[in-house]
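Written below as structure tokens is the structure these notes are about.
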């Protein structure tokens, strides 16, 4: 696999032609030819000859300290493999999965020993996991393990990466206990075999942190993520993609905890590194855009959120297969945005796209199904189709009760949603049963405080409609305190609770207090919502009713 310098033009974006059937000398590096440093922009198969690959390169200055540090580290990462294996690893790193699969299948046919076959199966597992084809990924990883276990003890250092990767697949499938089992096997080996500042140990801390984050154990997640970051900052160049991952994951925990300014800080650190170190259409860039969009969504900045979600979707549509779960995540997030903006038909359109992908790529018990069914439920609740909303929420909670730990925060959200629909249908007894289930979890785990506020708000509406105004006011005040502390003064969710407060004071004939709160709701709605948004229309109607009483 030789790079012929005569094939490289002198333009700003040269191309290298790689013949699959030639050999690459051990000392030669893909990123360097004739002492010149290039960035790899894109790898494509030539249309005229399927045995040739065209590598688009951008010339750069090797004296750049950031680039020099990054390329030196990458050179170390791929040392020890022959040219073909380096090429396959490079293809995976830049997201060229189809080409990588073709290459590895050819290498498998010519593999001379079990060691090579185990390595190839492992890399095929990496690729299938990246494509969202999780059962296939597990199959390849287990083939690699089967070969290695013939001659190696259970705690041999070479088994750790495969244990870790199997853990990652189970994590992606929502099987968190299995994920922890394999991650901890891997971590135990790394603690024995690696120095305390080794990057692989950092990755192991990161992986365990991810599972705890998805299980809703945020303090444990932060503990492991911070251990990861401490090692990563010492061990890697400041523009290495793994450092971006560390920042991204800490941002994710803060997002889940409702600490949005901290979340944005860490997400933006991650994005800055990825924009420097990765190709423009790399899936990890899409992840950064998606996550920043999520924070803006939670902050009530819907137009900014939609901008970042659409950036993420554009990359994913280019770089991922059409059934990849991350595409479904993008569709789901955009659908939720349209629901927030009151565009319900568009919301349903995007949620339908998401559910079709989940059906093709994930088992029916995966928590991602639950998230999408909940989104359907919210749209139908907004449309006042309460029976449909309830049916979707019930499907969602059935999946979450099966897939998630008993005290998982995501159960809180769905219990609260079900309780709210029962209230809207006039069944206050059932509403209180589900709200109490939500409260029981919130009192035992560290939930996102804004989720707590939503439960309090749903409870206060239930008690208000039951004419228990004293209890209603208690929950209103709890919810309001959290939202005023955590949200911007013009956040649409604040308008919702101000409107609810106005209805409570209207019911108790305290019209001046009712007017105070409804005016705040209208002011926020006029600034943040479309003029035809149902919430804004409802706020104005309440305003007129109160004004007539004054």
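A Cβ is built for glycine as well, from the same backbone N, Cα and C atoms used for every other residue.
Caution: TrEMBL annotation is automatic and unverified by curators.
Noted in TrEMBL for the protein shown:
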type: REPEAT; residues: 81-114; note: repeat 'TPR'
type: REPEAT; residues: 118-151; note: repeat 'TPR'
type: REPEAT; residues: 160-193; note: repeat 'TPR'
type: REPEAT; residues: 202-235; note: repeat 'TPR'
type: REPEAT; residues: 244-277; note: repeat 'TPR'
type: REPEAT; residues: 286-319; note: repeat 'TPR'
type: REPEAT; residues: 328-361; note: repeat 'TPR'
type: REPEAT; residues: 370-403; note: repeat 'TPR'
type: REPEAT; residues: 412-445; note: repeat 'TPR'
type: REPEAT; residues: 453-486; note: repeat 'TPR'
type: REPEAT; residues: 495-528; note: repeat 'TPR'
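Within the chain carrying the repeat 'TPR' (412-445), a Cβ under 8 angstroms from the stretch's Cβ atoms is held by residues 216-217, 370, 374, 377-378, 381, 384, 386-387, 389-390, 393-394, 396-397, 400, 406, 451-452, 454-455, 458-459, 461-462, 465-466, all 6 or more beyond its ends. Confidence annotation: the repeat 'TPR' (370-403) carries a mean pLDDT of 94 in the model. Counting residues per DSSP class in helix, strand and coil order gives 31 helix, 0 strand, 3 coil for the repeat 'TPR' (328-361). Between the repeat 'TPR' (370-403) and the repeat 'TPR' (328-361) there are at least 3 Cβ pairs closer than 8 Å, counting only pairs 6 or more residues apart in sequence, which means the two stretches are in contact. Same-chain residues lying 6 or more positions outside the repeat 'TPR' (328-361) and placing a CB less than 8 Å from one of its CB atoms are 132-134, 286, 290, 293-294, 297, 302, 305-306, 309-310, 312-313, 316, 322, 368-369, 371-373, 375-376, 378-379, 382-383, 492, 529-530, 532-535.
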